[in-house]
Amino acid sequence: MAAACRSVKGLVALITGGASGLGLATAERLVGQGATAVLLDLPNSDGETQAKKLGKSCAFAPADVTSEKDVQAALTLAREKFGRVDVAVNCAGIAVASKTYNLKKSQAHTLEDFQRVINVNLIGTFNVIRLVAGEMGQNEPDQGGQRGVIINTASVAAFEGQVGQAAYSASKGGIVGMTLPIARDLAPMGIRVMTIAPGLFGTPLLTTLPDKVRNFLASQVPFPSRLGDPAEYAHLVQAIIENSFLNGEVIRLDGAIRMQP
């Protein structure tokens, strides 16, 4: 019988949005467990500094996830520096808060904002998936036939979108919806595809809010009643990588929260 679990030690991971938040926490954990990481993030991000902090087992690839040229360049960097790509973790994303129609302002949600969120969160994720799949397909399969693992980031907003989250929820719902068909598409290549749907996490977006607001948000989580720690997201990423029977599924990581309108 093929081994059910594999260690992350020695694996090479491409992590989008790797300069901060969930992406950086993932890089820190994987490198700490003996893996190698390539942080893919925008040129004006803190990616280069963070990669240097993580040492020789990490590199920075300045890139926009919506650009085929940029992502290909990042994959080339990973291959030339570390030999291959075994894991891809898609954490890059943006959010826009806007009602479909604001009656008080007599203003409709702009198509530009809606398209921008879809372009980065959904199309950007798919862009990375389709390109990294070709890279992983060149890997020698392990004893279980696996060549790679792709892990995407959705959100609980994919299931319980709040007021003003039409664009964000649509983008994350798209990631949820494409997880299974892509897993089926890539199964013959020995590539697994999973998605994590985080709840409220202590990422830069939330940690900059006033204490009163953060404490209120934390109180909405049934148990434990706090914001998630990015390290907990990273821990789940590692567990998914190491468990070869996880495929085509979306895992909520949210302390049982169900968002209200």
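Just so you know, glycine gets a Cβ as well, placed from its N, Cα and C.
Annotated features in Swiss-Prot:
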MOD_RES   Ala2  N-acetylalanine
BINDING   Ser20, Leu22, Asp41, Asp64, Val65, Cys91, Tyr168, Lys172, Phe201, Thr203  NAD(+) binding site
MOD_RES   Lys53  N6-acetyllysine
MOD_RES   Lys53  N6-succinyllysine
MOD_RES   Lys69  N6-acetyllysine
MOD_RES   Lys99  N6-acetyllysine
MOD_RES   Lys105  N6-acetyllysine
BINDING   Ser155  substrate binding site
MOD_RES   Lys212  N6-acetyllysine
MOD_RES   Lys212  N6-succinyllysine
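In sequence order, Gly21, Leu22, Leu227, Gly228, Asp229, Pro230, Tyr233 are the residues of the chain that are 6 or more apart from Phe201 (NAD(+) binding site) and have a CB within less than 8 Å of its CB.
Using CA atoms as reference points, the binding-site residues Val65, Ser155, Tyr168 were checked against Lys105 (N6-acetyllysine), and the closest is Tyr168. Neighbour density around each Cβ, counted as other Cβ atoms within 10 Å, peaks among the binding-site residues Ser20, Ser155 at Ser155. Annotation note: Phe201 (NAD(+) binding site) sits in a strand segment as assigned by DSSP. Each residue contributes its Cα atom, and for Val65 (NAD(+) binding site) and Lys212 (N6-acetyllysine) these two points are 34 Å apart. Take the Cα of Ser20 (NAD(+) binding site) and measure to each of the recorded positions Lys53, Lys69, Lys99, Ser155, Lys212: the nearest one is Lys53.
DSSP assigns Lys69 (N6-acetyllysine) to a helical segment in the three-state reduction.
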